[in-house]
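Before any comments, here is the structure.
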Amino acid sequence: MGNRPGKTCNAMSTTDNLRESPRTGDICQVDGAWKETESRAGLGWFYLNMNTQEKLMGTRNLRRGISPLQTELEALIWAMHCMLRHNKLLTRFETDCSDVVKMVSTPEEWPAFAILLDEVDRCKRRFTSFSIAHIPRTKTRRQTS
């Protein structure tokens, strides 16, 4: 995770070799890292266009919230903002946190996160195509530590 707080997207191109995947189009994997013993949390995202092999990534840290789930949701929101700034409007988001997928699908069942889920909804409406899926941690291209 990066050491700079802030709201910029700090995107960097990567040149890693990637394993073949049956997925197509724009994919953005997101992750949040949270430790109860730390005062900071880390957020990260990795974008890949499966057709052109264009790659971007971003990392940032922020003051740790009240739960790991809040951090995962904040990672998604930040990644969504970044994809919108980079004009990646046909994006499939992937997370290793199944609860985030549930939260986005049924926000009314998560009233404690209403403010953050309202922001997810505002961002979702700006995408031409938006989807979110759960993937096992072993399938993520970039993992936070």
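For all residues, glycine too, the Cβ spot is worked out from N, Cα and C.
Lifted from TrEMBL, the feature list:
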- 1-22: region 'Disordered' (REGION)
- 30-140: domain 'RNase H type-1' (DOMAIN)
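Mean pLDDT for the domain 'RNase H type-1' (30-140) in the predicted structure: 95.
The helix, strand and coil residue counts that DSSP assigns across the domain 'RNase H type-1' (30-140) are 46 helix, 35 strand, 30 coil.
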